[in-house]
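For reference, the structure is listed below as structure tokens.
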Amino acid sequence: MFKPRRLWSQLWGLQGMYLCFFLHSQATGSSYPNHGHIPIGTLFNMDAEPVSRSALMYAISTNNELRKGGKGITFNMLSDDVDIDSNFAVTSKLCAQMSSGIFVMYGSTSQSTFKTLQAYSAKFNMPFITPDLSGTIHKEHQPQMLFAKPVYADAIVDLVKGLNWRRLDYVYDNSEGLLRVQHVYDRLKREQYGIEIGFRRIEQVESAHEDLRRLDYLDREKMRNIVLDLSSLNAYAALLRQIPEVGMNRHGYNYILGTLDMLSLDVSRFLHGGVKVYGFQLVDVSRRQVQTFLEEWQELEPGIWPGAGTNLLQTDAALSVDMLHTIRAALTAMIKEQRDVFHYVFRRGKMYNMNKTIGIQCNSNPPLPWMHGEQIYRALKQVDFDGLTGHIQFDEFGQRANYSLDIITAGLDTGLAKIGKWHSRYGLLDNDQDLPVDPIYPQQNYTEWRKVVTTILEPPFLMLRGNVEEDGSPLIGNGRYEGYAKDLAMEIEKRLDIDYILDPVTDGEYGREVENGSWTGMIGQLVSGKADLAIGPLTITAARERVVDFTKPFMDIGISIMTLKPERQKAGLFSFMEPFSLSLWVSIVIAYVTISLTIFIVSRFSPYEMKEHAPYLDHFRYNFTLCNSFWFAMGALMLQGSDLCPRSIAGRIIGGVWWFFVLIIISSYTANLAAFLTVERMLQPVQSADDLVKQAEISYGILETGATRVFFEESNVTTYKMMWSYMSSASPPVMVSSLQQGVHRVQNSGGKYVFLLESSTNEYINNRLPCNTVKVGPNLNLEGFGIATPHGSDLKESVNYVTLKLKEDGTLHKMKQTWWEEKGECGVDTGNKESKKRSLSLNNVAGVFLLLIAGLVVAIGTGLIEAHYIKTQYLKYVSTLDSRCLQHEYSNGNGILNKYIQS
Ligand code: ASP
């Protein structure tokens, strides 16, 4: 059979052992020096569901998580499962825990062990908080005892009177019930209320058919009013199962259940037979505080947190949470009053009592009581705040004061419904009856409860960290998140000394007004009273300012353009060709050929170009042969010159203009070359909003709801108006429902989609992998993110002040650096610069080397061809000519030919 408690014990390896629950915190640099985790002792009934312990542990972990880094008191819990009816078991565990040092004890009690536990607490001055009602029957002074659970005996009396019952059977299952019925009886008698009461004790609640039948046979004809006062929820569940089985859910029967968890019981079989069931509900799930807690509680893994994972919060679990807050409130108040109150008794997680002994030793002689016990007990009795179980306050006897219970009924005519409430001071009240203003218990104007901070999961403002800490412990509460908004909330919390719980909006919206006048997103949470603060990338707008209050902006931003980062041009083999366009290269070649031909032709007709001593050979009569003309132009083009020189005026003019042409071309080439080889160009087709409007090829869009949309929708600037009319009617739609969607669209559109978003997110995304987006152009407007509070919130002024302080002392700047730059993944250089300088590499000029090699190869080839063919050609030629003439012509000039001839 599945036994949650056993599983729980195995999980933490604590069957009968101490459970030390440490959550990391360094208590340095705070107003809580050297305190570490304050140890509290706990004893739980081994037969009860482990939900109370689970809730207490959860409360401790969330508390410790919130106060990481020495921002307040953190706790460490020693825990034992005991047989709560065994005096020996409870005292030995209590002594063991006290001897290792605890500040306060939280533990179950029973009628049989209550007196013993109380005696030990009194003797050693150990404040003892109990969620059980043993000991509350009579209002009497019980030193060191604090009773977490509201007493409901008087509520039963008032309800009996309210229902005008004149006869009732009081059914109970343990001695505590017997004491309570005595109290009920005494009070009714004292108030001279005429009533007949029968007492029935059921020994075995699990098999109570016989007892019930006996009850049923008494006065069968009369109306039967029964009060069930049982020891546990399981006992109620068992009896409620058996009552219909013996037919006691028929018309004429009325029940009052002495439970504070009426809504946790299954009363479905009492909704039809004409029977009426009344009961009490302590935890009011309609309260925001409870709902916020339940949202977290529901998400917890029941395997790790027994009893969690449901949307039901049992009284015992809620009490555990409230009592932890009570302890924290009391200790905090003591530290506030006297900063070093625990300085000498608590160091590095160890508690030192008088005479420097560690802990409180039960066997010390004479007994050494806990030196701060009395003071802590007094502080505990003075707390005053609203918790999960309603108002938390204690009277002089350590019992709950000033609390109310909802009265729930189940019946044919009403179904399951709340019919009113019972208040400890005012008795029965109708549903719509307000509590009278209480002159004795004025509400203190501080509450110990956490502020709900609505926010939005938007990197880097708020991001999920996953489910477990690096050391494997589960992440809970605010520990699940990280980001700029969390850090900001933490700073505010630290400076204002408030607690907060981050509550990301479920609709994923920032806030817009919908048709019925209500608001969505973070603004909606504030307007509906579900949150106290909104911290996130929430833009201050006029419309929002109407319904909430904004602080001064904590970040200045503006709407900006995000595009895909263009591919860098890779250095190619022929990068050296890039300074000129292809057409220019072609034009240069054409010019070169034309000039060469022109100079050749001009030389042909000009007698100045004729050689003096070449009367015989037409072929060698001119300096500017076709080949030489090309060579001359080439020499000039390469800035090398050649031996040839035009002598005709026409030739010189041509030479002159060609040299000038070359001068300009070469200087332009040289000037451009360096830039082209060392700078990687990035072509950006869109640089501004105007560029976007002027083109049709690239689509652009914004976030569907939010301040950016409002900006375009309401702008009177022509460009933005045009952009809005395009975006609002584009098909397929260009607006996106989340920033992530917009960014993905930019990244996957191959440069055909541009996203307009606030500069903060734009800059952040550009600094994240895959680093392929870029912010271009200036911001379109000037906006700011502000922290919002509901109208009339008392936090408004203080949060505004803290925001300005954080701005002035550079905290906000540092936080921006942390989340935008230090956590960047793209390196510092990439930013939104369009190009980047670097030194020249072989890649950039490899083409020139190739050209050189090619030239050499061609030259060698040509050389070889010359060696073979030209030789034979010349020999053939020579043989046909007058050898003397030839000799005359070349004897001084051409050694090679001479050599050939002679050979
Ligand atoms: N930060 C914006 C807002 O508060 C969201 C946006 O429109 O980009 O609505």
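Cβ coordinates come from backbone N, Cα and C, glycine included.
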Residue in T594, T708, T718, T803 which TrEMBL records at the L-glutamate site where P537, T539, R544, E758 also bind:
T708
Name the cysteine that pairs with C771 in a disulphide bond per TrEMBL, restricting the answer to C826, C885.
C826
Report the nearest neighbour of T708 (L-glutamate binding site) in space among the recorded positions C771, K805, C826, comparing Cα positions.
C771
Relative to ligand 1, which of the recorded positions P537, T539, R544, C771, K805, C826 have a Cβ found under 6 Å from one of its atoms?
P537, T539
Within its own chain, what residues at least 6 apart in sequence put their Cβ under 8 Å from the Cβ of T539 (L-glutamate binding site), listed in sequence order?
Y510, I557, G706, A707, T708, E758, E783, G784, F785, G786
Quick one: of the recorded positions C771, K805, C826, which has its CA closest to the CA of P537 (L-glutamate binding site)?
K805
Secondary structure tally of the domain 'Ionotropic glutamate receptor L-glutamate and glycine-binding' (460-528) (DSSP, helix then strand then coil):
24 helix, 13 strand, 32 coil
Relative to the Cβ position of C826 (disulfide bond), how many further Cβ atoms are located within 10 Å?
16
Ten-angstrom check, please: count other Cβ atoms within 10 Å of the Cβ of E758 (L-glutamate binding site), all chains counted.
24
For L-glutamate, with binders P537, T539, R544, T708, E758, what's the maximum Cα separation in whole Å?
17
Consider the recorded positions C771, K805, C826 and say which one has the Cα lying nearest the Cα of R544 (L-glutamate binding site).
K805
